[in-house]
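Undergrad: Here you go, one structure.
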Amino acid sequence: MTSAKVLYFSGEIPQGDPEGDQRTLFRKLHLLSKERDHVVLASLLECVTLTLKDECSKLSPQYRDLLPPFESVLDLTDHVVQLRKTPLGGAIERVLVLVFQLGSLVAYHEAHPLEYNFTPASTVIIGRGSGLLSAAAIGLSPSIVMVPSIAKEIARISFRFGLVVDKVCRSLEVSSDEINSDGAWVYCVHGIGEKEARDAVNQFNEIKAYPSTNGASVFNVDDAGNSVSIGGPPKTLEALFSESNIFKKTKNVAMRKIQGMWHTDRVYGPEHVEQIVPKIESARELHVPLISPVSGDPFRETEAGPLLEQIMEEILMERVRWDMIIETVSKQLKQLMPKSVQLVSIQPSHYNQNMLERWKSELPDAAVSGLTMMPAILELALEQSPPKDTRSSKIAVVGMSCRFPGSDTTEEFWERLMLGEDMHRHIPPDRFDVETHVDPTGKRHNTSKTSYGCFVDNPGLFDAMFFGMSPREAEQTDPMQRLALVTAYEALEKAGYVDGRGVIHRKRVGTFYGQASDDYREVNSGQEVGTYFIPGGCRAFGPGRINYFLNFWGPSFSVDTACSSSLAAIQAACSSLWSGDIDMAITGGMNILSNSDVYAGLSQGHFLSPTGGCKTWDEGADGYCRSDGVGSVVLKRLEDAEADNDNILAVVLSAATSHSAEAVSITHPHDAAQALLYNQIVRRAGIDPLEVGYVEMHGTGTQAGDPTEMRSVTSVFAPPHIQGSRPIPLHVGSVKANMGHGEAAAGIMAFVKTMLVFQNGIIPPHIGVKTGLNPALPDLDKAGVVIPFRAANWRPTGTKKRLAMVNNFGAAGGNTAMIIEEAKARPRLCEDIREAHAITISAKTAVSLSLNIKRLVEYIESAQDLSLADVAYTVSARRRHYEYRKSVVVRSLAEAIKHLQPHIETAKSQTPTLVKRPPVAFAFAGQGTFYVGIAAQIYRDSPFFRAQIDQFDNLARRQNFPSFLPAINKTCAHEDLPASSIHLAIVCVEVALARMCMTFGIKPCAVIGHSLGEYAALAVAEVLSDSDTVFLVGTRATILESNCSPYTHGMISVRASVDDISREADGLPFEVSCINGPNETVIGGTVENLEAVADRLSKVGYRKTRLDVPHAYHTAQMDNVVNELIRQSQGIAYNTPKIPIMSPRDSSVIETGANIDSSYLPTSLKKAVDFAGALNAAWEAGVVSKSTVWLELSHHPVCSGFINRTLPNTSLTCSTLHRDSDNWTSLLKTLSSLYEVGLNIDWNEYHRPFEHALRLVSAPTYAWNNKDYWIQYRGDWNLTKGQVLPEAELPAVSGFRTSSIHRLYSENYDSSTAHLLGECNMTDLSLKGVIEGHAMNGYGVASSFLHAEMAFTLARRIQEKASLSTFTGMGINVTNFEYHDPVVKDASSLDPYPIVVDAEANLEMGEVQIKWFNPAIEKWYCHAIAYYEDPSTWLSNWSRTTRLVTSRIDALVAMSNKGMANKLTTSLAYTLFGKLVDYSSMYHTMQWVILNEDEAVAEVVFPADTQGDWAVPPHFIDGVVSLSGFILNGGTHFDNVNNFFITPSWKSMRFAKPLAPGGRYLTYVRMIPEGVDDKGRLGSYVGDVYILQDGEIVGVVEAILFRQWPRIMLNRFFQPVGMAPPAPRVEKKRDAGRGTLPSSSSLQEKTTATAVTAKITARFPGSVITPSRSAPISKSGSSPKIVPQLDYSLLTPRTSPNSDERIEKTDSDSGFEEADGANDVTSRAVEILAEELAVDKGLLTDECEIADIGVDSLMSLVISQKLREDLGIEVRDAFYLEVTTIGDLKKLLS
């Protein structure tokens, strides 16, 4: 007997609400189709969807416009009711019936694949109406996988079937709306037979005289023959049942859900079949009988095409005889006589029950049952298999971090929410000045009407060194981008992300961040545009920098959709995960407010509340309150997160973004667009919207936005037609009421809040309603919507997961929303039975290490229900590790606290581990300390270790050795173990331990084995294969047992050297077996001999220990064993070692690649083990060193002591196992020690055997060593930009202009002080001759004497204007003059080159402080002090010196006359001077020079015209003073061929009488050495210059200093600003094809005279622009031009000099004062590096890694250019790729 199946497909859609019953099933089918076990279902839905879209594309426009957009055919379920009112209603319904039936059947049989066993002999298929099409699909599909392909064609037929029926029916009766709007086209009539019904219908049609097409017809007879179905136009049927006496008596039901009528040949014919059924190429045939509902017989056609045509003919034109179908099926069942009959149907129906009852009565011996697909599908469990593809995955949120107002952590953020805090406050001063930038009236230009916002505290705080950024780069990088980097890192820490761990690869990780403003770039860093202005401020660099720092290769997107930017970024991240582009995303948003313009613009646009915070849903809502915010979350596909053992905070089911395209304005919300979006994400998520329990609303607090959003939310999640029947209340909230509107960060704020709501099971109180609810909101009570004014519980209940929606809108019209589901709790699948755990903590600095320890201790102390194993797993396996480290091995949390607390302080002084990880040498012990149960616990718990051991044991047994597992798992006593088992256990355990350690990241640099341990060493060095190792060890042991009598010989370990033992043995026989250390020796021999030697040794006090071994290894007892072992091991192949092997046999090192003789191991059994000799040989060969870490792989530490005593400088020696300790604890202590010395332990591998028992805990994130990097917005230029302001161009003081001071910015006097600020334009025509006539290196130079003239000029101006009687007749002494960074002019440039001169006088002291500022290099470069003194006093003092000076002059003249000194003419003197200075004729004032080595006198005659308006003409000063320079640069006594000499300073310059035009003077000077440089060379010379007129000293320049410099430095000192220096003489090799850097002159902003004020004001904002008291009216007739009155304190150097150092000396100008830069290139290069990075030079040690201090590609460009310019050396622009540390850079430069 067999089993029979009857498959029944009705033509009905599910009964009840089509948006209820259908939607429930279709949601289930949608969710099932995402799973890997339901790929056929997914294929079916896809095929039908594609077919439907294809058919719809062929419709006329008026029909196409009736269809809503849809992603899947299932989406149309939401539109069934609306579509019924259109001509497409029937077509869509027919397709949905097909999907409903085939989808249910396919889904069920994918879950129960064995039940799809429909055989022709025992299966029959029946169907009604359009159900015949579904029946045909199954009949034509022998396999379930074949269903989708035929369903594609049948879906086309179904759709066309509906269209044709609608078209035909509308031709019979006009209907402008739903085809059934005027009545039903079909009635079901009970209590009447077919004949009676047909006669009555025919009679009625004749009486009414309808056209034949419009009459009624009987088309269906039920199985009992007493019910019929009658079809016809609604008006015809209405008349029939109201007028016919026969039908008035019957019970009839109008079938309003059936769209039109068919089964009548009065209106349908073959032409309609042709329109519906396409030509089908498929050659499929029925594989089971399909019964015709017309004839009751199987369809005559069996091939797909003809069969479908026949089916369509019967559906359209033939009457249904259901009674005949049932009769045929019953007859076949009776003939088959099955043991069971199963009726398989799609949905419950009275037909099902009728059939089952009949068969039960007719087949009493058969088990008759029914299987209904619909309830069976609804009962199928979800998530029983992984997603079928990435598109079907859920997205897990696994980590998050934030910087929100008042909240630096998510915990603080939650606390603020639960306390109901409103974080709005006045704009803090670090953003901009509220007093000037806020005007509540809005009348003032560019001001905001509101002063409120919600702000992150100290947004500039950042750990630049951690992220490898220089302070300079950090300062110029937008704080929101920095905080995005910080929060991304913290979120990854919370997620437990470690590169290379789990299923995520860094090449498939992307970043997505929302950012909608550029405040910092536009305002803060824009004030001082620098190297990092672009990468620090442009939006793309925000996510790009995260990718770069974390080494992620995936995409990085910066998203701007205005206020929805961050949620849109999260949605983009989800989409990228769903598309399979990436496997992990870091996403979020950022917003830091500092630009007053945005405040002003939003105020003017009426976005902002003038009264404070966001009043969401309040009747007085008046706009939003702006907010800072930066947040990051980490997303993965759910299956990946589960595989990685992540903490899953919540799960994103669906997310989408749309646009309010039909809103009244671009910024206005649109509820229809919002509702459409919600429906879309609900469908994608496959959820019932009524089960959503919480919606985090956008809720900005505006009168337009709040009601619109509430209407759209309630229309979907609490719709009017179900109000009051929601299964759960719908809570709504908005974080903006607490935190303000974060704009680009608003979405991430809402998202993080929702994560916390899920985590804590509480909905925080809503504080936005300050007065009363906005009356424009819908009736929330009626809708079941709850605004929680107090915290509301929302905890998990039952099996259903909580659902929430996060909503976010953008001001530009974008809408983003997502459905979020709570994460299910994952059970621990095993137990972690390890006794101890390592708590590892690391940092990049000692400060952070201390803070990390402190925070972890506080966390452990405060956390509840915390597991030590979880904490250890989190901080070791799930964290990154850095150079500063601490690790403690503990057995409890209390012990962890106890051991960690002391290190909070000690960590502050801890030194980092080496950048280069220490090498590790493996040592393998012999058998001396064997015990049963070695590595038993590791064998039990570690799959890797167990697999290794099992493989070795399998090899041993296959080579006929006994299993050695009993020696490990303690199933045998020690004395019962054969030697082969013991030896194999030892060696195999050691090799397995070594390999396990390698999986932990510990790779050996060399190996050494002691005795038996050499076999393990050679195996690890890959000299021996596993098989050969087992063979050699097993054979060796077997031969030992058979050739040596046990315990006739022995071994004794003695704490003495070989020489000591030999001396004390005094001829007694013994053999040296092992030399383990300098004073550690093992001797062997017969028992008798050993006892005699032992007695001798005991008497002299040597410690000795008898070893528990049965033989005397490495003695003559082994002779026979060695020979036999050599014989039996001839077939063993020794490979060349992959790493060096320290050989105790030969006291040598076997290098990598060396050949090893096959007798090596056999003979080592006889030879002494010189372990110490091997160690020393390795030390001498450099194979090991003091930095080498030693790891002993053994069952008990033996070799460790030998190593420590032989190599006492060894840094660390440790071992894996200890016989008296738990295996895991011993191993862990070793790993902990190795970790602390800098090895990168793979803690994931260590924890892998127990990971299913471990959970990631929310341990504290990294403690940053923050510093504040914030460029303050200075002044109020945001208010005035774009306005035409008066220019500062005219001289400030009427009539005051000299040849050196071209205008005064300001001039102020009071009773005791005076202050002048002036300008000297180096391109002014008045200076042309003076500067170009003093040329050096081919360029005109503003000499020190020109600066002296300016000092005389300003001091005289003050003297004249102060009008103090005490100054009358006073002379001016220019003292303490210092000149750095010479001002060099390019004669070809006509661009203005202004120099600012500042003079500040203390009139009571008679002192003027004068300093010069060069805007081109932004540096104070020169300084002097002028004193008002009595010239008569000078003359009196000088008179005492006159005789001495004149005597020296006379002596020189006499020497010249005798030819003992050189007398030079004017021409010759200036020709010689031309070696350094090319003087023009106006400087040629020396008439003759007498020169004798370091002493000279000259006659100077000045021209009759001063050629300008000067206080003291600079060329006159040069004429009388430059003799000092001529001695050095023009004579032959000093080396001025290779060097040059220039003056940076003098002590004083006084002229008691004016240097008069036409005057004749003598000048005398002697230059003497002034000390030596740091290399013992003469480096500077000093002299006093005397100026005499008519035998009287009238002027003295005291202590004028000249410094000696190599001539190669001329290019450095005398090069115009912005011009590239010529190529150096010797270049280092350059990269071929490397482009050259453009000269900075091409990039430098041209400076105009007017721009000086602007530049200084920009550099030192806060300067008050006020008219000078003497400001004149412009001669041009234009508006008065105001000269700025500057705040002089702001013109001081950034670092105020002390009293002894009045000018700003930087490393770049210290060349005149410091050691010779050309001879100390590397030192100067490091100084340049420190300058450009803005770091302390002390940080730049040789070990400092350049990446850690921020040397990247851009900074590398800057530094390389500076090295060219300042030092004349050539390095690659990308030198940062060639070096790692500062030490490397020094080597490169040297």
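Each residue, glycine too, has its Cβ placed from N, Cα and C.
According to Swiss-Prot, the protein has these features:
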DOMAIN    392-822  domain 'Ketosynthase family 3 (KS3)'
ACT_SITE  CYS563  active site, for beta-ketoacyl synthase activity
ACT_SITE  HIS698  active site, for beta-ketoacyl synthase activity
ACT_SITE  HIS741  active site, for beta-ketoacyl synthase activity
REGION    922-1223  region 'Malonyl-CoA:ACP transacylase (MAT) domain'
DOMAIN    1302-1611  domain 'PKS/mFAS DH'
REGION    1302-1435  region 'N-terminal hotdog fold'
ACT_SITE  HIS1334  active site, proton acceptor
ACT_SITE  ASP1518  active site, proton donor
REGION    1621-1648  region 'Disordered'
REGION    1686-1718  region 'Disordered'
MOD_RES   SER1753  O-(pantetheine 4'-phosphoryl)serine
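What's the neighbourhood like for these features in this structure?
TA: Of all Cβ atoms in the protein chains displayed, 30 besides its own lie within 10 Å of the Cβ of CYS563 (active site, for beta-ketoacyl synthase activity). In the three-state DSSP scheme, CYS563 (active site, for beta-ketoacyl synthase activity) falls into the strand class.
Long-range Cβ neighbours of HIS698 (active site, for beta-ketoacyl synthase activity) (same chain, at least 6 residues apart, Cβ-Cβ under 8 Å): CYS563, GLY705, GLU709, SER734, LYS736, ALA746, ALA750, ASN807, ASN808, PHE809.
Cβ environment of HIS741 (active site, for beta-ketoacyl synthase activity): CYS563, CYS614, TYR624, CYS625, ARG626, SER627, THR700, GLY701 lie under 8 Å away, each six or more residues apart in the same chain.
The average pLDDT computed over the region 'Malonyl-CoA:ACP transacylase (MAT) domain' (922-1223) stands at 94.
Sequence-distant neighbours of HIS1334 (active site, proton acceptor): residues of the same chain at least 6 apart with a C-beta under 8 Å from its C-beta are GLY1340, VAL1341, ALA1342, SER1343, LEU1346, VAL1477, TYR1479, SER1480, TYR1483, HIS1515, ASP1518.
Note on ASP1518 (active site, proton donor): other Cβ atoms within 10 Å of its Cβ, all shown chains, come to 27.
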Undergrad: Looking only at the region 'N-terminal hotdog fold' (1302-1435), how are its residues distributed among DSSP helix, strand and coil?
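TA: In the region 'N-terminal hotdog fold' (1302-1435), the DSSP-based counts are 35 helix, 63 strand, 36 coil.
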Undergrad: Specify the secondary structure state of HIS698 (active site, for beta-ketoacyl synthase activity) as given by DSSP, simplified to three classes.
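TA: DSSP assigns HIS698 (active site, for beta-ketoacyl synthase activity) to coil.
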Undergrad: Tell me whether ASP1518 (active site, proton donor) sits in a helix, a strand or coil according to DSSP.
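TA: SS state of ASP1518 (active site, proton donor) = helix.
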